[in-house]
């Protein structure tokens, strides 16, 4: 695990984006952790978030021409990622996002930003069922562009209804690569390191770690 990945996990915990406990998911599963990127909600949060996305994108070495953020959570992510790419990596790329409802006045249309063309890097917070990716693929195809890759914050590494994760299904169905700032495995490693580094007893930390490991045995890939 790289330093920026540890920093991202600490950042997510600090901002209560990553929380531990018992959370009932839409699938009905009771998860020992919850990730809500909507809790990144200040200018400073977004600036830091963009740096993590940009660093991961540079590490992934996926060729792309444009960053696309699906409405709604993908919009600020696409914006801050492209700013960070320019500020920290001297890479200046266009970005674009869609409206949920097309405008019928003014400039009109369902897209805002640059022309949706060439090789597209789609950015979002997580992939749960892959629905947003499939909807975005329809938009990308309609404009004659191609999906080059997908970048998300957290890979849950969790099976869907079958044996594959939602991410593996996206990679299979669209022949594309999905990169993540961190995986659930990275979170486990982070917690293990924290536990080993503490002299004092950390029952809550140990309990969270044990719960996640048990959950992974049942639902992990």
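Note: Cβ is positioned from N, Cα and C throughout, glycine not excepted.
Following the DSSP three-state reduction, the secondary structure of residue 131 (5-phospho-alpha-D-ribose 1-diphosphate binding site) is helix. The 5-phospho-alpha-D-ribose 1-diphosphate binding site annotation in Swiss-Prot covers 26, 72-73, 99-100, 103, 105, 124-132 and is backed by sequence analysis.
Using a 10 Å radius centred on the Cβ of residue 156 (orotate binding site) and all shown protein chains, the other Cβ atoms total 25. DSSP gives residue 156 (orotate binding site) a coil state; it is part of no helix or strand. Swiss-Prot lists 34, 35, 128, 156 with the feature orotate binding site.
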Cα-Cα, whole number of Å: residue 26 (5-phospho-alpha-D-ribose 1-diphosphate binding site) versus residue 34 (orotate binding site)?
12
Does DSSP give residue 26 (5-phospho-alpha-D-ribose 1-diphosphate binding site) helix, strand or coil?
coil
Show which residues of the chain containing residue 73 (5-phospho-alpha-D-ribose 1-diphosphate binding site), separated from it by at least 6 in sequence, have their CB under 8 Å from its CB.
37, 38, 124, 125
Rounded to the nearest Å, what's the C-alpha distance separating residue 35 (orotate binding site) and residue 100 (5-phospho-alpha-D-ribose 1-diphosphate binding site)? Just drop the number here, would you?
23
